[in-house]
Amino acid sequence: MNSVILQLASPYVRSLLIFFSLIALWRGHNSPGGGFIGGLLAALAIVFYSFAFDRRQIQKKLKIKPEGYVTIGLALILTSILPSLFTSQALMKGIWINIPMGLLGELKLGSPLLFDVGVFMAVIGVTLMLFFILTNRK
């Protein structure tokens, strides 16, 4: 598309979508849907940006190809299972650690966040693969 308005607005919209995708990811490790919804929002940011500019140019600019996002996502999902296996807990039981942050309180991190980040990456990869395949036709 050669819309000047779309090209001017797309960096701001992309940044907002990435910001909200990270919020959805962070909030989702305690609630359902964080990794999936966050991944869709992040992929939408890239798709929207590719509508404003050339799709082929965006494909070349991606540091990680969509297949790489899927691979990293699946590796993180499998890695999130390991803490429960090593502690003889039920499979995929959430293992949590508390990191003291001084005046800010404590930061709770756990294996569900690792799982959500894996889903986040896999959804980005699959969505971008589908988008690039479907828009490749002439």
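Every residue gets a Cβ built from N, Cα and C, even glycine.
Copied from TrEMBL, the annotated features are:
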| type | residues | note |
| --- | --- | --- |
| DOMAIN | 5-128 | domain 'Na+/H+ antiporter MnhB subunit-related protein' |
| TRANSMEM | 12-29 | transmembrane segment |
| TRANSMEM | 35-52 | transmembrane segment |
| TRANSMEM | 72-92 | transmembrane segment |
| TRANSMEM | 112-134 | transmembrane segment |
Top partner of the transmembrane segment (112-134) among 12-29, 35-52, 72-92 - counted as Cβ pairs under 8 Å: 35-52
Confidence summary (mean pLDDT) of the domain 'Na+/H+ antiporter MnhB subunit-related protein' (5-128): 88
Intrachain neighbours beyond the transmembrane segment (72-92), with Cβ under 8 angstroms and 6 or more residues off its ends: 64, 111-112, 114-115, 117-125
Secondary structure composition of the domain 'Na+/H+ antiporter MnhB subunit-related protein' (5-128) [DSSP: H/G/I, E/B, coil]: 92 helix, 10 strand, 22 coil
